[in-house]
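What follows is a short report on a single structure.
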Amino acid sequence: MSQHPLRPAGSRPGDSPPDGSCPDGLAGGGSAVGGGGGGEAGPGAAGADDLVIAGRAYGSRLLIGTGKFASHRVMRDSLVASGATIVTVALRRVDIGRIGDGDVLDFIPPSMTLLPNTSGAVDAAEALRLARLGRAATGTGLVKLEVTPDPRTLAPDPLETLRAAELMVADGFTVLPYCSADPVLARRLEEVGCATVMPLGSWIGSNRGLRTRDAIEAIVASAGVPVVVDAGLGVPSDAAEAMEIGAAAVLVNTAIAVAADPARMARAFALATAAGRLGFLAGRGAAGPATVASASSPLTGFLGAHPSPASHPSPASPVPSVSRATSPAAVVGEASR
């Protein structure tokens, strides 16, 4: 099991239990459809349907954030429960002087891949500066690019995001940009060399769900890199919906962190993400017209072929008696007792 860069060897505060256990048996196991995979195999061990970013395989299609948790230990338990293999952390929250002595990084299981983010950056220059600090502190060239100058909506600035992406790619970073759900911008980000595009589902931290579905479907249809739906997913069914329309992965933070039981919610999101992916791979059947039903079972010929006219008793023939014990009414009566 690899150690985070700059993290001293040995036991430290917040390390996950040696057996990988999690409260209430919520640990997220691996899955061929991305429902977990945060165990010893770790990123890079290719599976049947792994998420692949910049040529590297990850066993879970659920990415998870680290903000807003009540404590570092609650965060750690939720990370383990999620089964995620990629965890994002705001570079502004990392205290380089305290790494190994209670910093947030010390509570992230070492098997997880760190994805530093530039949360709080208001322009391309600041985002690049934060990314370089993160690379120096963590040793990773992965970066989740965020440029959000509007404090009210935290909407990504499309011009500064594209400019920052160009600068970061030129500087050797593997860039995963948070962006508006704009198919044209997504294509431009891919063209400058971003490893993914990460369109928002709704405003950051809003828990309002997938409000940009049509635009994300358009992005998925033309993207040549993984599409990761980021921001606003509020309940597990939102994650399932994003995966069902073809997203490669989802990133969730607030919905898990502010839940009454964060670890259990993390596991729920893992299962929903896996279910949505499996549903996408299975292929949805064509939707029928809104005003016409289509029976899933035949409406005639139950229990065999149609009886011939000769099998019906003639009016002159006595109708066979049916004993109470075998009459439909008797059967219903017996069953209801």
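Don't overthink the numbers, they just go from 1 along the chain as shown.
Using the three backbone atoms N, Cα and C, a Cβ is placed for every residue, glycine included.
Checking the candidates Gly205, Gly224, Gly276, Gly279 against Swiss-Prot: the one annotated together with Ala231, Gly232, Asn253, Thr254 at the 1-deoxy-D-xylulose 5-phosphate site is Gly205. Cα of Asn253 (1-deoxy-D-xylulose 5-phosphate binding site) to Cα of Lys144 (active site, schiff-base intermediate with DXP): a span of 14 Å. A gap of 16 Å separates the Cα atoms of Gly232 (1-deoxy-D-xylulose 5-phosphate binding site) and Lys144 (active site, schiff-base intermediate with DXP). The record gives Gly205, Ala231, Gly232, Asn253, Thr254 for 1-deoxy-D-xylulose 5-phosphate. Within 8 Å of the mean position of their Cβ atoms, the other Cβ atoms in that chain belong to Gly65, Trp203, Ile204, Ser206, Asn207, Leu233, Val252, Ala255. Spatially close to Thr254 (1-deoxy-D-xylulose 5-phosphate binding site) yet at least six residues away along the chain are Gly65, Gly67, Lys68, Ile204, Gly205, Ser206, Asn207, Gly234, judged by Cβ distances under 8 angstroms. When other Cβ atoms within 10 Å of the Cβ of Lys144 (active site, schiff-base intermediate with DXP) are tallied across all protein chains shown, the result is 27. The two recorded residues, Ala231 (1-deoxy-D-xylulose 5-phosphate binding site) and Lys144 (active site, schiff-base intermediate with DXP), show a Cα separation of 13 Å.
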